[in-house]
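To start, I am sharing the structure in question, which I have written as structure tokens.
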Amino acid sequence: MGDENNTAIDENRKLQDIFLEAWDQYEFLDETTIDTNSSEYQNKVKDGIKNFELATTIVSQVNMFSANEFIDEVPTESLQYLLLPFFLGKLTLKCHKEERLDVLRKAEVYFKDFLQRCQNYELCDGPKKNTDEESSQTSGCIDTTQQLIASAVARNNKIAQFRRKKELEEQIKKMRVAVRSESVDDEIKRNFFLNFLQKNIIEANEELQDIKLEKSVVEMRKQRMAEFGTTRMDDCILPPGSVAGPGVPAIGGPSGHSHSHGNGHLHHHHHHGAAPKPKPMQPFIITKDATQKAVFGMGYPSLPVMSVDEFYQQRVHEGIFPDEEKMARINAEKALAAAQDPEEKEEEEKAAMEEKIENDDPENLERMRRMDEYRDVVRRGDGNRHNRS
């Protein structure tokens, strides 16, 4: 019996050593200034992935986790191994020697596996529905106000997630050194791993969104390469009679060679730059005859000599009309106010009032004194008694 216990202890120690070594490799790769395309960097990425895969194999063999248990039932030393698929996904994204689309698909599987494990232990909510498809189907039924409210809610959620992530990072930074010590309290160690899991849940969701966007770009580039042999838009279609520019292969001919036309001179390659913004057209008055033209000439004071945009900008400079940035800020504040829960707003107002009372705010005290004086002078029910019997 004693030999079996010693064997189990050796296996646990070996697993922890492998995991901590891989974790140190991950942190080194995350902070180093080595070129990510260099052989040294890529070899370290492969070593880290190899160690994490070995640790994953050991965890699977001993059936460390179960979908039927709660997070409180998981031992503190086992919590760290829930991070294995997250670390594998992060290191997989650092692989630059393989096909990018395969790398993205593999990393996506790891991140989804990590979130599924956390969901099984009720550490996070389930996967959200595909909002892009729903929005495309109901785009005709949603008015501008609802779109503004939805955008404001999404923005508030992102800000809340960002703040939550920063708070977790600060807590993790304070506890990181103490956790590596063998004499650390079990509760501190457990809180560290739980906070680390919460932070990486937020980061895994962000990575999945980035992977989704990058996959669409990579697939589009791959499709364009298959159709046209290039990923540049201006190389795919050339106008009739034109020749590709220097270093750009022309369709129908080998790269680096161009054909001459007529007298042997090449057509000039047109660079499609951004066209300058045309000046707004000045309004003018059309007269019927020379007499009216003389009356409505340039000396006439009511002749419009500026556009509507110029007139509005002039009024903005004079301080009569509001600035465009100010109007955009006002509209954004209105959208946020519409998206805010009324009960939450009421609670914030109550909290602000209580804070003023506790801090003896002079303006609040003066207002309350004036209110007491008014109540002393004006009795309840006094007011406009005109036409009252």
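Cβ atoms here come from the backbone N, Cα and C positions, even for glycine.
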Match it up for me: which of 165-221, 279-335 does TrEMBL list as coiled coil?
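Spelled out, TrEMBL records coiled coil over residues 165-221, not the other listed ranges.
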Quick one: DSSP breakdown of the region 'Disordered' (335-389) into helix, strand and coil?
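Final tally across the stretch: 38 helix, 0 strand, 17 coil.
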